[in-house]
Amino acid sequence: MALTIPRSQYVATYGPTVGDKVRLGDTDLWATIEQDFLTKGDECKFGGGKSVRDGMAQSSTATRDNPNVLDFALTNVMIIDAKLGIIKADIGIRDGRIVGIGQAGNPDTMDNVTPNMIIGASTEVHNGAHLIATAGGIDTHIHWICPQQAQHAIENGITTMIGGGSGPADGTHATTCTPGKFNIERMFQACEALPVNIGFFGKGNCSMLEPLKEQVVAGALGLKIHEDWGATPAVIDAALKVADEMDVQVAIHTDTLNESGFLEDTMKAINGRVIHTFHTEGAGGGHAPDIIKAAMYPNVLPASTNPTRPFTVNTIDEHLDMLMVCHHLDKRVPEDVAFADSRIRPETIAAEDILHDMGVFSIMSSDSQAMGRVGEVVTRTWQTADKMKAQRGALGDEGNDNFRIKRYIAKYTINPAIAHGISQYVGSLEVGKLADIVLWKPQFFGVKPEFVMKKGFISFAKMGDPNASIPTPQPVFYRPMFGANAKANTESAVYFVSQASVDANIKAQYGIQKETLAVKGCRDVGKKDLVHNNATPEITVDPERYEVRVDGEHITCEPATKVPLAQRYFLF
């Protein structure tokens, strides 16, 4: 006999279901669950008097030798994912990978259990009924100035960091390049203790091919071209030739000073080949004043860095000082001041907000310690989404913000993964991918996760006083968990590298323990492949007033005076 209970009681017990709306943090973004994979009456819930017990939702007979038995079951959780949508399900994990999105439990006593999601005596369980699960974020603009960045990144839900550098040298302060085999090898060895997946860019600034190829063989997952090393047409062509031959991506910070040509010359040198453009608005660097036009090309994968996200009343003043420090400029030199002024344009920064909302800009990243904040990629993304809803209204007429939410979460999950050939491993919660999962309470969404899993094992979490009688007493702050300790850490994170370096067995050469996974398909992608963010309208920029037009229409917006996910959540 079926038992009917009020919706409010169901939600209180098992979390929201189809049609329920959930507010994300203190934003005005509302997510509505589109599909529920769970069977009503057969939900799995752990605890005293609950269903995950021997002979009930837990199998009495299934051993781990059975490949359908889970290592970890995350039950009744709301999922927000660029590929899966906004759904309710159990997540099944085995051997560090997601093996099922569906109904976990005991098929001997329950209906509709997903075949490979059996809960047994070897299964850990976590109640996700009032939590949101997202894929671990991917930051593709890391200046490896200090190793402590990794902890700040994972505390905001970033689990993969791609960039370059070798510590606080001037070259790393300004450019995301790890130059040459010696530095690449040392960085792999140095990052063994970091709890995140990592990939390194080699220095792409060379007009001859062999010095570039040797860096890819040494383990670089891609090449980075930066104007401070000279972003000339010859350099661009050489880097792309190597990338095409060795299946890696090229990222570029173009020529702000237009020393060796203008945007049109850079696009001619690129010659239709796929490329990932950093801070495509231009405040972080790039052809002044019209680098933003690069976002209209089908072979360009355009990204933002977070200091301009979103456009606020403080954005312009902050950028001038940041720029002088990061690019080794001198306020006493008029040419240096003019260089800085040419990059900071309110008109193009305002347009950047709208281009993100239109799905023209596709990727968010940090520019860590080099005009960007490594621990704010996720937060700044949702602040931008909220600002655009306030200024531009709803996207579509669904009565919720689901499409906008999926568009924005794609910017720091699946789209950077596609851009760098790692979407078969990370970027979404699809079956078969690494179980890099971030769990949020809805009221803290986008700001402070509850905990972060790496390859199916809890790596970082909000944790109270370790000497307390329960886990929750103050002071509560982020602490590394067992997944970030000792050998578990090297088993829970990976290095993304070139196939050439896997073939060269750099893991043995360098004596590193983390798994090395080869990037694939970097040269076969285009803007059309980027999820929910693949628009290619015509973009023009007035060279004197810097006004940006999209298909002939002037786009602009006012700077925000207040943003969500800000001082309400932080003491400082």
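Quick reminder: no glycine exception, Cβ is built from N, Cα and C everywhere.
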Binding-site annotation, Swiss-Prot, Ni(2+) 2: partner of LYS224, HIS279 in HIS253, HIS287: HIS253
One of ASP367, ASP386, ASP397 listed by Swiss-Prot as binding Ni(2+) 1 at the site of HIS141, HIS143, LYS224: ASP367
Whole-number Å value for how far ASP367 (Ni(2+) 1 binding site) lies from HIS253 (Ni(2+) 2 binding site) (Cα to Cα): 11
Inter-residue C-alpha distance, LYS224 (Ni(2+) 1 binding site) and HIS279 (Ni(2+) 2 binding site) (nearest angstrom): 13
Arithmetic mean of per-residue pLDDT over the domain 'Urease' (136-572): 96
Beyond the site residues LYS224, HIS253, HIS279: chain residues whose C-beta lies within 8 Å of the centroid, for Ni(2+) 2: HIS141, THR175, THR176, ILE225, HIS226, ALA251, ILE252, THR254, THR277, PHE278, GLY284, GLY285, GLY286
Listed recorded positions (HIS143, LYS224, HIS226, HIS279, HIS327), ranked by Cβ neighbours within 10 Å, top entry: LYS224
Shortest C-alpha distance to ASP367 (Ni(2+) 1 binding site) - which of the recorded positions HIS226, HIS279, HIS327: HIS279
